[in-house]
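A.B. asks: Provided herewith is a single structure, encoded as structure tokens, for subsequent inquiry.
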Amino acid sequence: MSELKSRIGNSGSIANSGPVSILCYCASSILMTVTNKFVVNTDGFNMFFVMLFAQSLVCTMCLMVLKMFGYAKYRPLNLIDVKNWLPISFLLVFMIFTSAKALKYMPVPIYTIFKNLTIILIAYGEVLFFGGSVTPMELSSFILMVLSSVVASLGDQQAAKIAQPLANNSILSPEYYWMFLNCICSASFVLIMRKRIKLTNFKDYDTMFYNNALALPILLGFSFLSEDWSSENLAQNFSGESLSAMIISGMTSVGISYCSGWCVRATSSTTYSMVGALNKLPIALAGLIFFDAPRNFLSIMSIFIGFASGLSYAVAKQKKVQKN
């Protein structure tokens, strides 16, 4: 079983603290989004699966080092747990890959707004798989989420038309397909992981180790099948700048990998998605600061509508818990 080596008397309470897990998840989410955007925007970079392989490899190696020094314990790979967790690893790969493809073409603020749609899928998924209901206030927040996504796409198209008047900018553009696929994969990942954690009784380090260790052969296989491994393309993708960016990206993935599982375990999958909604405003602002994202009225308005929807959803969930 997974446990952090106890050096502080209240380490157990911290490990099970919902607020602490939420704060750590927010910080790692912001860092991961900004870092991944930097990596995929590196000139000539096109080996997404290799980037994801590097991230999973760094996570796995960090865990092995922690275990070597006695700071972490996790279950060794075994056939039963591998069979139970393999679908999660495939979903994780698809989730991060579609996220990287969407980030390649989408500004960070627009990307974060569309991620709100995942909350709707997760909420109704929880109704379907775990019972419960959706309150009128939750439904109102969902309408705001959809509205923010529509406004964001209009702002994105407006900015694109100014930059490239003859370009075909519509909701049917490839980046929106990648974004919608990412929402489906993300919701499936969170819902199924919650069920599998209960089934396997995994702890945080178990979840982190299995997520990344099982993803390694999957990512490498997809890379060999779909990416260009010619010497010219390798030289283009493994320049000094892209290598440094991938290493940094791998280091940030350690935090998001651990904090995602921690937050789902310490709270719930809906709370996890709700926190992600409230986290959209700082992520979107970070995108405006660090990248050349559209800065027009519609784009800015969509950010605040998205934040309002997340806030509304948070209040709705709190009232629902108090009522029950």
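Note: Cβ is positioned from N, Cα and C throughout, glycine not excepted.
Keep in mind that what you see is a predicted model, and the values were worked out from it rather than measured.
As annotated in Swiss-Prot:
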CARBOHYD  Asn116  N-linked glycosylation site
CARBOHYD  Asn168  N-linked glycosylation site
CARBOHYD  Asn237  N-linked glycosylation site
TOPO_DOM  1-13  topological domain 'Cytoplasmic'
TOPO_DOM  35-44  topological domain 'Lumenal'
TOPO_DOM  66-76  topological domain 'Cytoplasmic'
TOPO_DOM  98-116  topological domain 'Lumenal'
TOPO_DOM  160-170  topological domain 'Lumenal'
TOPO_DOM  192-204  topological domain 'Cytoplasmic'
TOPO_DOM  226-243  topological domain 'Lumenal'
TOPO_DOM  265-270  topological domain 'Cytoplasmic'
TOPO_DOM  292-295  topological domain 'Lumenal'
TOPO_DOM  317-324  topological domain 'Cytoplasmic'
TRANSMEM  14-34  transmembrane segment
TRANSMEM  45-65  transmembrane segment
TRANSMEM  77-97  transmembrane segment
TRANSMEM  117-137  transmembrane segment
TRANSMEM  139-159  transmembrane segment
TRANSMEM  171-191  transmembrane segment
TRANSMEM  205-225  transmembrane segment
TRANSMEM  244-264  transmembrane segment
TRANSMEM  271-291  transmembrane segment
TRANSMEM  296-316  transmembrane segment
A.B. asks: Quick one: DSSP breakdown of the topological domain 'Cytoplasmic' (66-76) into helix, strand and coil?
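C.D. replies: In the topological domain 'Cytoplasmic' (66-76), the DSSP-based counts are 3 helix, 2 strand, 6 coil.
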A.B. asks: Tally of helix, strand and coil residues over the topological domain 'Lumenal' (35-44) according to DSSP?
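C.D. replies: When I sort the residues of the topological domain 'Lumenal' (35-44) into the three classes, I find 6 helix, 0 strand, 4 coil.
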A.B. asks: To which of the glycosylation sites Asn116, Asn237 does the lowest count of other Cβ atoms within 10 Å belong?
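C.D. replies: Minimum Cβ neighbour count within 10 Å, taken over the glycosylation sites Asn116, Asn237, occurs at Asn237.
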A.B. asks: Does the transmembrane segment (205-225) come close to the transmembrane segment (45-65), meaning at least 3 CB pairs under 8 Å for residues 6 or more apart?
C.D. replies: yes
A.B. asks: Whole-number answer please: how many Å between the C-alpha atoms of Asn116 (N-linked glycosylation site) and Asn237 (N-linked glycosylation site)?
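C.D. replies: With the alpha carbons as reference points, the distance is 32 Å.
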A.B. asks: What stretch, picked from 77-97, 139-159, 244-264, 296-316, has the most CB pairs under 8 A with the transmembrane segment (171-191)?
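C.D. replies: Looking only at 77-97, 139-159, 244-264, 296-316, the most contacts with the transmembrane segment (171-191) come from 77-97.
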A.B. asks: Mind checking which residues reach the topological domain 'Lumenal' (226-243)? Cβ under 8 Å, same chain, six or more beyond either end.
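C.D. replies: Those are 39, 42, 44-50, in sequence order.
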A.B. asks: Using a Cβ-Cβ cut-off of under 8 Å, list the residues of the same chain that are 6+ residues beyond the ends of the transmembrane segment (77-97) and lie near it.
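C.D. replies: Cβ under 8 Å, 6 or more out: 48-49, 52, 55, 181-182, 185-186, 188-189, 192-193, 196, 199-200, 202, 210-211, 213-215, 218-219, 222.
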